[in-house]
Amino acid sequence: MTARLLRGGPAADALLAEATARAARLPAPPQLVMLRLGEDPASVSYVRGKDRKAREVGLKSTVYALPETTSQAELLDLIARLNADDTVNGILVQLPLPLHIQEQAVLHAIDPRKDVDGFHPLNVGELWAGRPALRPCTPAGILYLLDHYGIPVAGQRAVVVGRSSIVGRPLAGLLLHRDATVTVAHSRTPDLGAVTREADLLCVAVGRPHLITPDMVRPGATVVDVGINRVLGEGGGKAQLTGDVAPEVAQVAGAITPVPGGVGPMTIAQLLANTVLAAELQAKGRAAR
């Protein structure tokens, strides 16, 4: 048996088409502002990709490329000005930040109504209360991907391997609110395979190449691989992207997301969908004044 591939491209296109149609009904194109500190190649690439995709779907995108030496006070002052600007609908601070800046202080400074990453404590609390608006992009994108391919969630035994505040924890919360029975495991879970073999739906976000092997997966399960790891090719050759799930798992699973090309496109699509939603909610709030 070879698993059905759950490619992110078609699902991301569908999500973006919905967001574009909603954006067209707004008085002005939603504006996403992204802040990047320094010239880390990965951060530069990520922001460039988000900026390009935002423009493709008709959003206004503004990028602040700030020096790595920017102080925390200067960054917080810029965020305060963006919070007060009614033409700005979404604010994203590209992580990681330089060591001299406190990440949580920065993320907490963003107006929760413009927090399109879904990391502000207020938005985290709303998620766990079962009434999320701006949801973290990767977990929300995963749910959309599953829905797009008709993968059931309600009533399923879901195992989330990974407990980060960006993916693992919020994904567990979203799955709970979709009536899955959820277990959260991690790299220190004893006998991890015994836990993962119970899963109808296995989501892995640890950042450890090929952590999940075929013997750890129940035959026919759906496997969502969130990991993106750079590993050297055979003989020290060119680095390749690989996931947290070994390729051989595709011979056991019923459905699986590829790496690359699985969850990655969904994260960007959900970011832009969140920007449109933020603009809609802000417009509704202004109309109610």
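Positions of Cβ are set from backbone N, Cα and C atoms, glycine also.
Database features, via Swiss-Prot:
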- Gly162, Arg163, Ser164, Ser187, Ile228: NADP(+) binding site (BINDING)
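Largest Cα-Cα distance over the residues recorded as binding NADP(+), namely Gly162, Arg163, Ser164, Ser187, Ile228, equals 16 Å. For Gly162 (NADP(+) binding site), the same-chain residues lying six or more positions away in sequence with a CB closer than 8 A to its CB are Gly168, His186, Cys203, Val204, Ala205, Val206, Gly207, Val226. Counting other Cβ atoms within 10 Å of each Cβ, the lowest count among the binding-site residues Arg163, Ser164, Ser187, Ile228 belongs to Ser187.
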